[in-house]
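Working notes, beginning with the structure itself.
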Amino acid sequence: MRLDYLSIFPGYFDVLGISLLGKAAVNGLVDVYAHDLRDWTHDRHRTVDDTPCGGGAGMVMKPDPWGEAFDEIIGTEPDPSVHVVFPSPSGEPFTQSVAHDLSSVERIVFCCGRYEGIDHRVIDYARSMWTVHEVSLGDYVLNGGEVAALAITEAVVRLVPGFMGNPQSLAEESFSAGQDGLLEYPLFTRPVSWRGLDVPEVLMSGHHGRIAKWRRDESIRLTRERRPDLTDSDVSARH
Ligand SMILES: COC(=O)c1cc2cc(CO)sc2[nH]1
């Protein structure tokens, strides 16, 4: 998998050389390239923004540098196998399902906006050439797309076959298919007693059936308490 990042702050992506992602990059599972959008400007100030047409506060990212960067980094011919991701507060929700879909593609280009956002024609042009995902991580404001791109990257790359040491750990996570859309149950390890707090006895019983039931019940309880939106009618009936 090749990952490209287009940003006026490419340094954000130095972190991808660390930990698991670093290992994946080393063993050739993932190739990471960060690019400074200003490399495709031609004026002395390396200008990437301008005032919004129609007025309004702030600045908008000019389309020209993006187009020239696309030409050099991706190419000038349409190719639906290239997936271009625009993190955006007005995007579609980024979910584990989207992460799963992206984990099997060969190439992802992340376009990180700053200022008030990117001239919309950049997104329209990208849609005419590649497979585009405008995705939101949630209903909150960031100053740019870089942090969102890092979060999306981690969610996607950890699902790439061969990336995680123990694939079984993927199966039991919140939001993974195996959990029926429920939140993950509470986790415990040794010591059994810690600062007057004990591991639930059932988890030390060695009784696998009782342990599985306790975990399921906890997942249902947590989901009902914290994420009623996830417990739609038939799911709650099933539990
Ligand atoms: C100029 O701001 C951006 O490009 C921008 C991208 C994103 C993604 C967010 C979380 O979904 S908030 C946000 N702002």
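In case you wondered, yes, glycine gets a Cβ from its N, Cα and C as well.
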Checking TrEMBL, the member of G113, G162, G165 that binds S-adenosyl-L-methionine with L137, G138, D139, Y140, V141, L142 is G113
Could you list, ordered by sequence, which of these binding-site residues: G113, L137, D139, have a Cβ under 6 Å from ligand 1?
-> G113, L137
Largest inter-residue Cα distance among G113, L137, G138, D139, Y140, V141, L142 [record-listed S-adenosyl-L-methionine binders, Å] | 17
Once the chains shown are all counted, how many other Cβ atoms turn up within 10 Å of the Cβ of L142 (S-adenosyl-L-methionine binding site)?
-> 14
